[in-house]
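One structure is given below, encoded as C-alpha cells.
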C-alpha cells in the first residue's frame, strides 16, 4: 500500500531542479520535429519572460529556457492524462501538429547537438535522476529518460536529507564547473526522487574587448537612479541595426563557434514597448542578420543570476496538476503516487572582456570617415544567448541594474 504521507519529487533546472513527493492515498489521479523543438522553446521562453516581468518589472531577469524545458519534458515521459497534456501545452507544443514521440526524439537530437565537443567554446548539459534506494522506477520510464535524455541514475538515501543534499549539490557543482553551489537546501525527508538538469556555457568573444579600455561609467537604472559600472568599449564593424517595430537598437556579438549574444537596447522610455512588441519570430529574424555597420559599443561587465520557484512561474503557463495532489505520474513508478513538491531554477551569467588572440582580436577593420554609431548600453536592456546550430535560445535575460547580483 502506498504511504498516505505526501512525498516529493525535486526538479532542478539550469540549474533546474524538481522534487517529487508521494501524494495522499486518495489523490485523483507540420514542421519537422527538429525545427519544432527550437520554435516551441522560443515561444516557451517568451511566455516565461512575460510571467517574470509581470512579477517584477524592476529586477534583473536571467533564466535558461532549454534547461527548464528539458527537465519538464523528462517529467512528461512518466506523466499521464491532464498532467501530461498540461506539461506539453505549457512547453508550447501543439499536440495536433506534432506527435509526442517526435517531441522526445527532437529533444534527444537537440541535446546530442548541444553536447558535441567544440574547440571554440564549452557547452554542456546533463540530466541526473537521484532515486530513493527503496523506489523502483518503471522500466519504460527508466529506459526512455536514459536513451532520449541521456539521464544518469544515482541511488540516494533521502532518509538522510543532509547526505542527499550533499550528493545532489556535488553533481550540480561538478556539472557547472563550480558556478552553482549549495543549490539544494532544507531537503524534506519525504523526498523520494530528484530530477536535475544543468546547462553550462563558456564562450570567448570572436572580437574580444580590450581590458585597458574598460572604465567606470554611469548606468541609468531609471530616471532617478544612476550607478557606476565597469563599461567595456570597442569600436569596430558589428552586426547592428535599428528596428522601428520594437523601437530599439539590436546588436549581435558572436562568440567563437556557433553561439551569438543578441542585445536589445530600447529607445528612451520604450522598454515596455519593446517587451510588448518583441516576438520569437522577430528574434529568429534578428539572429540571421548579416549586414554590418561601424559602431562604438559600450557594454557593461555583468555578473547576474536568477533563482525562481517554478511552481509559481509555471502555474501561470497552465502547468498546475504536476505540483498538486491531482498529479498523475503513474508512468514513473507504481510504488507510490508522486507529485512535484518543489521546483527550482537557478542560472548565472558573467560577461567580461575575455577573448582569445584569434582572428577577431587581430583583424584589421577600416573605419569610414564619418563617425561610427554610438551604441551605449548604459540603461536597461534585454539579451538572449542563441545556439545557431540548433536555433535554440540557451539563455534569456533582462538587465535593470548591473550592480545587482
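Just so it is clear, glycine is given a Cβ too, placed from its N, Cα and C backbone atoms.
Look at Swiss-Prot and you will find 57 (among others) tagged as N-linked glycosylation site, backed by sequence analysis. In the three-state DSSP reading, residue 57 (N-linked glycosylation site) counts as coil. When Cβ atoms from all protein chains are considered, those within 10 Å of residue 57 (N-linked glycosylation site) total 14, not counting its own.
Around the Cβ of residue 94 (N-linked glycosylation site), the number of neighbouring Cβ atoms within 10 Å comes to 11. Here Swiss-Prot flags 94 (among others) as N-linked glycosylation site, drawing on sequence analysis.
The N-linked glycosylation site annotation in Swiss-Prot covers 157 (among others). Residue 157 (N-linked glycosylation site) carries neither a helix nor a strand DSSP state and counts as coil. Cβ neighbours of residue 157 (N-linked glycosylation site) (same chain, under 8 Å, six or more residues apart in sequence): 132, 133, 163, 164.
Taking the Cβ of residue 258 (N-linked glycosylation site) as centre and 10 Å as the limit, one finds 18 other Cβ atoms among all the protein chains shown. Look at residue 258 (N-linked glycosylation site): DSSP puts it in coil. The feature N-linked glycosylation site is assigned by Swiss-Prot to 258 (among others).
Per Swiss-Prot, region 'RCL' is recorded for 360-379.
As annotated by Swiss-Prot, signal peptide applies to 1-24.
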Express the predicted model's confidence over the region 'RCL' (360-379) as a mean pLDDT, rounded to an integer.
59
Cα of residue 94 (N-linked glycosylation site) to Cα of residue 258 (N-linked glycosylation site): how many Å, rounded?
28
Integer Å distance between the CA atoms belonging to residue 57 (N-linked glycosylation site) and residue 258 (N-linked glycosylation site):
31
